[in-house]
Amino acid sequence: MSPLTSSLLLFSLLTSSLEAIPVLQPSFPPSSPSPAPSPGVRILRAPESIVAPLGDEVVFECETSLQPEGFEWSYRRWPNAANSNGSVGASRFKYLKSGNGKLNVTQETAISRLRVLVRPDTVGEYRCIGWFGPLVVTSTTARLELANTSVKGRQETHLQWRVAPGNSVLWSCGQQVHSNPSASWSYYRNGVEIKPELAATNGNLFLTNVSTASAGKYTCLATNPASGARIEISSSMVLEVLSGRGSQNKAPHLLSGQPTSQAVTIREGSTLLLLCPGVGSPTPTAVWSSPDVVEAIHNKRTRVLNHGLEISNVQGHDTGTYICYLDNGVRPTLEHFINVTVEVPPRITRPPWADLTNEGERMQLECEATGVPAPELYWLLNGESSINDTEAEQLPNGYLVLHSVQKRHAGYVQCFARNRLGEQSAGTLLQVNPKQIQSEPRETGSGGGFGSHRSMKPVNHGQKPTKMIPPSPPNVTRLSDESVMLRWHVPRNDGLLILFFKVQYRMISEGKRKNWQTTNDNIPYGKPKWNSELGKSFTASVTDLKPQRTYRFRILAVYSNNDNKESNTSAKFYLQPGAALEPMPVPELLEIEEYSETAVVLHWRLDSDADEHLITGYYAYYRPSSSAGEYYKATIEGAHARSFQIATLEAATIYEFKLQSFSAVSASEFSALKQGRTQRPKASTTEEPTIQGIGDRDTTTPSHNETFSMSPMLTGTIGGGALLLILLVSAFLCMCRRRSPRGRGQTQNKPRMAELREDFVPLGSCSPNKQRQRTRHIHITLNPLAQQQQQQLDEKNPPGLETDNDMAYFQRQPTYEYDPGLRRMSSSSLRRSQRTLERAGGANSGGNNGGNNNNLNQSSEAGTADGPCMQSSSKPGRVIMKRPRLSSRSENLSSGSLNSVGV
């Protein structure tokens, strides 16, 4: 027997939260409704009760929705197991061993067959048990009973009736017979078998519209359909039919031996025939009514017959009193009361449901059922009776209380409701969150891969041990034929920070033990913030697996101290091909709501005919629409969820989303892709960021890059620097403007300062570029016209008046080489100017005693005395001088040609 499928449900049991599900079908009639299908593993076909004679061989069949690791059968003796009402006794079930000559167990994929030889010591109750790892699913009980037929007492009745023709006669032949299964009846008239018009039950013979041909002696015979045993009833009835001429008018009345009332018990779904005994002359007519049952007579299931009422597909609400009135016009009328009881197999109306429970907490599981007779409830915890569990107590209303939940309770919890008509079961997965045991510093790891190395951290003697809280065992869900999805969580703790996770898995085979394989991806822990009271949840997928193989998985956590610790391993998981699984409902994405700059809300729905019981939760996949990378994943627990918020997104970014539903066994197809975007960032009115509370809505622009969040500060720094630079430049320009000549605009004879400043800089300002300084001699040729103009100005400005300090300049060192052609042009212009001045001087030499000496070859002493004031610089080749002013544009041009500089 291959352990393939069994692992599938085992894993789901311990880590997956499912709604309560009906596990198997009770032995209802075919017409009765069956429980809705359930996710995961369930009993598709439970063994059925059998009545057989001694020495016969019977076969019990049990089928599960998935192939388990193994089947087992349990048994307890029937006489001690239940009383006549079918209530459960204290006798315990025992597991059967095949091959002892009395029974044999065979298995074919997901079907198990138990062959039993009917003997007194094999009569009793049988159960089928499917093992899926630590998960146990138990079927309802099937009974093996001996076929028997017996007669209650030996009282014989011999009746003689005389009736008028046209009446109907009811004879109860088999009131004293008890048969298992119910006997079939044969009727004889004068030793010849007859076929009654109406197939009455319980040995009742009903003769309608009798005539003289109906007269004779009637007898009956009971046959056991299982064993074939026949019992001839010694009672008889002799019928005499009067002629029409000899009959007298008589009111309706009962014949001798006929009861005045009846009590009828029938099973739900059967056909009920009510007969109204009584004869009269003339023939009476039957009228039916019921004070208890609404519309008991006038409905589609009821048919009124001559002296009878037939109700098909009897329901529980047909229970009540029916009254038959016989009237033939002769008073008084005859009333006949029939009390009808409809027995209903048990139905669980409130199945148990369990959530994740912490170890040591108290838990109450509720289960309610209906049925006639009232069903009795009992519980199984992973196939074991709750009566044998010291922590379990069943309340009078049938609820189960676990005073202290233990790890052994994790698994499948089933509630059973039973009466003499059958059983029904519903179960739920119980998850137990174990108490966290603080880990001591360890020297070696266990297993392979990351967990097998020796910790290199030194031992801190006398200090509190380092706490490394491991993650929970992963919950496995099938995604495809080659991939699964793992879900796990880290409980709230104050231990070491987890940096990232690794996923490890290994294949389980019957041969050599396989080593653990480690995936390449690091699953980041993220921000050290708890998402809920239970801790923080994570999701990861594992691909490149092989279908029809069994695997185990575990999660490896790497901590901030560079050590690691692995979780407990998952249950064995059988990766079943998708073709063998029931398809899951596919959700339909309706809308992607823009919730904030960092979050959106998904809205979806299921088809109207989709069964939510198949769903454990949903997987949401999302990524930026401009990206072709991997999808981010989010897990949504609960089948009833119809919306979910996804946060930590980028502002003003378009994303694409898709959904799929999942259960403990498989996942659905993906929904159609739908795009949505986050809100645009809001305009900020202040340079300082606003600190928000925990409950405030996040309106900041999120980013996965921490440096991007500092961009407002960086922008402010750059802006402030630019503003400061502008202020400095403005101040410099303002100072330069203030140092411009104060007399600008007062006379047209002032030289243009912009042109002069191209060659000179003010005294006291920054010195010329020192990097390009070099020693050179500068020869300045004075403008003769300027000397004459300067003499005139000196006459207007007597000595003693202060001169304008702004007119003092020193000449810049030239940064270019003069063109020799320009130098020759300047020399020729100078010579023409000298000749002109000489002519003018010769003509006016006698009359101009105070004229300036325009001889350019004058000595340096004369030039120092009469010319502009000149100051030698400490550096060679530099001359500080007061520049003569030009009186006109032509003079400026002449000055420009005469002020040639030779180096």
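From the backbone N, Cα and C atoms, a Cβ is placed for every residue, glycine too.
The signal peptide annotation in Swiss-Prot covers 1-20.
Residues or ranges marked as topological domain 'Extracellular' by Swiss-Prot: 21-712.
Taken from Swiss-Prot, the feature domain 'Ig-like C2-type 1' applies to 39-144, supported by sequence analysis.
Following the DSSP three-state reduction, the secondary structure of Cys128 (disulfide bond) is strand. Sequence-distant contacts of Cys128 (disulfide bond), defined by Cβ-Cβ distance under 8 angstroms and a gap of at least six in the same chain, are Ile43, Ala46, Pro47, Phe60, Cys62, Phe71, Glu72, Trp73, Ser112, Leu114, Thr138, Ser139. Marked as disulfide bond by Swiss-Prot: Cys62-Cys128 (among others).
Sequence annotations record features per position, and here Swiss-Prot assigns N-linked glycosylation site to Asn85 (among others) based on sequence analysis.
On its own chain, Asn104 (N-linked glycosylation site) has Ser98, Leu114, Arg115 as residues at least 6 apart in sequence with a Cβ closer than 8 Å to its own Cβ. As annotated by Swiss-Prot, N-linked glycosylation site applies to Asn104 (among others), with the evidence given as sequence analysis.
What Swiss-Prot records for 134-236 is domain 'Ig-like C2-type 2', and it gives sequence analysis as the kind of evidence.
Positions annotated as N-linked glycosylation site by Swiss-Prot, on the basis of sequence analysis: Asn148 (among others). Annotation for Asn148 (N-linked glycosylation site): spatial neighbours Ser179, Asn180, Asn224, Ser227, criterion Cβ-Cβ under 8 Å with sequence separation of six or more. A strand conformation is recorded for Asn148 (N-linked glycosylation site) in the three-state DSSP classification.
In the three-state DSSP scheme, Cys173 (disulfide bond) falls into the coil class. What Swiss-Prot lists as disulfide bond is Cys173-Cys220 (among others), and the listing cites sequence analysis.
Sequence annotations record features per position, and here Swiss-Prot assigns N-linked glycosylation site to Asn209 (among others). Other Cβ atoms within 10 Å of the Cβ of Asn209 (N-linked glycosylation site) number 14 in total over all chains.
For the domain 'Ig-like C2-type 3' (252-341), the DSSP counts in helix, strand and coil order read 3 helix, 45 strand, 42 coil. The annotation domain 'Ig-like C2-type 3' is assigned in Swiss-Prot to 252-341.
Annotated disulfide bond per Swiss-Prot: Cys276-Cys324 (among others), in sequence order, evidence recorded as sequence analysis. Its Cβ placed at the centre, Cys276 (disulfide bond) has 27 other Cβ atoms within 10 Å.
Under the heading N-linked glycosylation site, Swiss-Prot lists Asn339 (among others).
Taken from Swiss-Prot, the feature domain 'Ig-like C2-type 4' covers 346-433.
In the three-state DSSP scheme, Cys415 (disulfide bond) falls into the strand class. The C-beta environment of Cys415 (disulfide bond), restricted to residues of the same chain at least 6 apart in sequence and closer than 8 Å, consists of Ile348, Pro351, Pro352, Leu365, Cys367, Ala369, Leu377, Tyr378, Trp379, Gly398, Leu400, Ser425, Ala426, Gly427. Taken from Swiss-Prot, the feature disulfide bond covers Cys367-Cys415 (among others).
Within the same chain, residues at least six positions away from Asn388 (N-linked glycosylation site) with a Cβ under 8 Å of its Cβ are Arg92. Residues or ranges marked as N-linked glycosylation site by Swiss-Prot on the basis of sequence analysis: Asn388 (among others).
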Where's the emptiest Cβ shell within 10 Å among the glycosylation sites Asn475, Asn568?
Asn568
Whole-number Å value of the largest CA-CA distance among Arg506, Lys512, Lys514, Arg552, listed as heparin-binding:
15
Averaged over the domain 'Fibronectin type-III 2' (586-681), what pLDDT does the predicted model reach?
89
Would you say the domain 'Fibronectin type-III 2' (586-681) and the domain 'Fibronectin type-III 1' (470-578) are in contact under the rule of three or more C-beta pairs closer than 8 Å, pairs 6 or more apart in sequence?
yes
For the binding-site residues Arg506, Lys512, Arg552, work out the Cβ neighbour count at 10 Å and name the residue with the minimum.
Lys512
Cα proximity to Cys220 (disulfide bond), best match among recorded positions Cys276, Cys324, Lys512, Arg552:
Cys276
Between the binding-site residues Arg506, Lys512, Arg552, which lies closest to Cys324 (disulfide bond), Cα to Cα?
Arg552
Spatially, which candidate from the recorded positions Cys276, Lys512, Arg552, Asn568 is nearest to Asn209 (N-linked glycosylation site), comparing Cα atoms?
Cys276
Using only C-alpha positions, which one of Arg506, Lys512, Lys514, Arg552 is spatially nearest Asn475 (N-linked glycosylation site)? These are the binding-site residues in the record.
Arg552
